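**Q** Take a look at this one; I'll ask things after.
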Amino acid sequence: MDASADARTRDHVLTLQQMERALVRANVDEPQVLTDYEIRRLRYLISFARLTVFEPGAAGEGRRSGRGEVDLTAELAPLRERVVARLRGPLRTETEPSRRLLASREAYYELEQLLDEGRRDVIRRHSSRFSAAELDAEVGVKNLVLVLGGGGGAGFVYLGAYRALADAGLLPDYLMGSSIGAVLGAVLSRELPVPTGEYVEFARSLTYRSLLGPEPPRRHGLAGLMSLRFDEFAGPIFERDDGRQMRLHETVIPFDVVVAGVHRQLFSRLPSSFRRRDLARLQLDNLPVRPSGLGPQAVGRLWQVASFIDTRMVKPIVLGGDDLTRQLNVVDAASFSAAIPGVLHHETKDPAMVPILDELMATRDVAALVDGFAASNVPAEQAWIMVQRGRLGSRNAAFLALDCFHPQLDPRHLWLTPITRAVSLQMVRNLPYCDHLLQMSPTLSPLNLAPSDAALDRALTWGSESMTAALPFVTAMTETVWWEGERPSSDRERPTGHGRLRAMRTLLGDRFRTGLAAPSHSAPARERETSGRSSRAGRRRAGARAARTRPGGIAPCGRSSWPSPDR
């Protein structure tokens, strides 16, 4: 197939996805217009026309891989063209829900026989490759793809949103994250059933001094003011029974990470403070406990971050998207994705990762790996591409994207406007691939990487409320559809497993016993919050004393040009 035919097929596949999305949304708004039978068959028709390549057996209950792929792209091209042409008016031009549904029903009855005959022909011609039930599973069973965007501490709302999804019985079949979305996605993908309560306790255990450290020598990252130590802090929860760190190909929920690769030819033109450790270094002893104490150097770096949000500067790289990067440690992948250019720096501490990263940077012609938000903050397009390339075997998916880092009217977020506007321009490219983009508001401050118990509780509530409002559409979009019979021959898989990891509760117990976290999960809420406040207050006082006694340090906590990170 030539390039023009490939591009046309891609356009049609995306258009049909958008048509099904529009149909489902209209039916959620006006459920009395079409019968369940009509909406189900209409969705099957659209999904069947979207068929290109798939792996028989990879969709639905008992799914499995290894049988090879079947390519129906050229075979179904005439049917695809006709369906797109007939439904373009009802589902791409018409905007009023009831008229959209009525026009779609008229088109359905015109196309019904064409679909019925086309389906029977495909089953007959490929009977040695797949069964009718396997075809129906690919067409009718939709994978849920969850895309978690970046945004620092604003991303803690994702935990509440994920809990609402899990409570509704909707677990993602594939996760992709960028920046804080990669960090939280790493945790969420490690184990099933999802221990959401324990993940919340893990978030409560975060402290600035456990997450931030002195600047390491630069090899694969970009020199910054301090190092991101997520790999050290979270390493124990990704440690397998054999003592080795979990790698990307071993997560229970398939999980990929987006990082930004700095173009090699532009790296030498960066200011020396981005390239040389000695000019970027900030000693750990001078760190504030709260980011409201950041001094002019850090403030200036954060304002310079917007200059990296440029395709001429960086390119998106999907870690986990090929055989090479699937061998990366989960904690290293997430850490690179959260390494804010010039501010936070990550380098792997696992010697086994060094040759993998060296080869990656050589083959992709990049000089440094930095925060994924610079290349694709809400990487819906990258997730769509990965699904179409066979990441799940099945190509039938609904894409739910969560965005916590967008322009907000809250005065406490106004200082971020230049950065959020630059990031929001990326959504012009990513939005067509989102079946639902959930722009979450309110959120905590992006600076609040270690929220208090009260702040985290607010974030959980906000995230849950945002997701609850989206659930009617997400639930409808992931419903199984079929063509013949009273019920589907296959439904969505409900996988379980823990990837040979130690239980989260055991790890949290270890962390609590060593004093690195908040009080025990069994403590009353009031006692836990009081203890959390007193321990954080002690750390703040110690940090302030340290900064006052050391020359050249950044300002201690107190008055600052930064907004309070508690929101």
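Here the Cβ of each residue, glycine as well, is placed from N, Cα and C on the backbone.
What TrEMBL records for this protein is below:
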ACT_SITE  Ser179  active site, nucleophile
ACT_SITE  Asp371  active site, proton acceptor
DOMAIN    146-384  domain 'PNPLA'
REGION    515-567  region 'Disordered'
MOTIF     150-155  motif 'GXGXXG'
MOTIF     177-181  motif 'GXSXG'
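I'm curious about the neighbourhood of these features; can you describe it?
**A** DSSP assigns Ser179 (active site, nucleophile) to coil in the three-state reduction, placing it in neither a helix nor a strand.
The Cβ neighbour count for Asp371 (active site, proton acceptor), using a 10 Å radius and every protein chain shown, is 32. In the three-state DSSP scheme, Asp371 (active site, proton acceptor) is classed as coil.
Averaged across the domain 'PNPLA' (146-384), pLDDT in this predicted model comes to 80.
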**Q** Counting only residues 6 or more past its boundaries, what in the same chain has a CB within less than 8 Å of a CB in the motif 'GXGXXG' (150-155)?
**A** 178-184, 337-338, 371-373, 377-378, 403-405, 423, 440, 443-449, 451, 565
**Q** For the motif 'GXGXXG' (150-155), jot down how many residues DSSP puts in helix, in strand and in coil.
**A** 4 helix, 0 strand, 2 coil
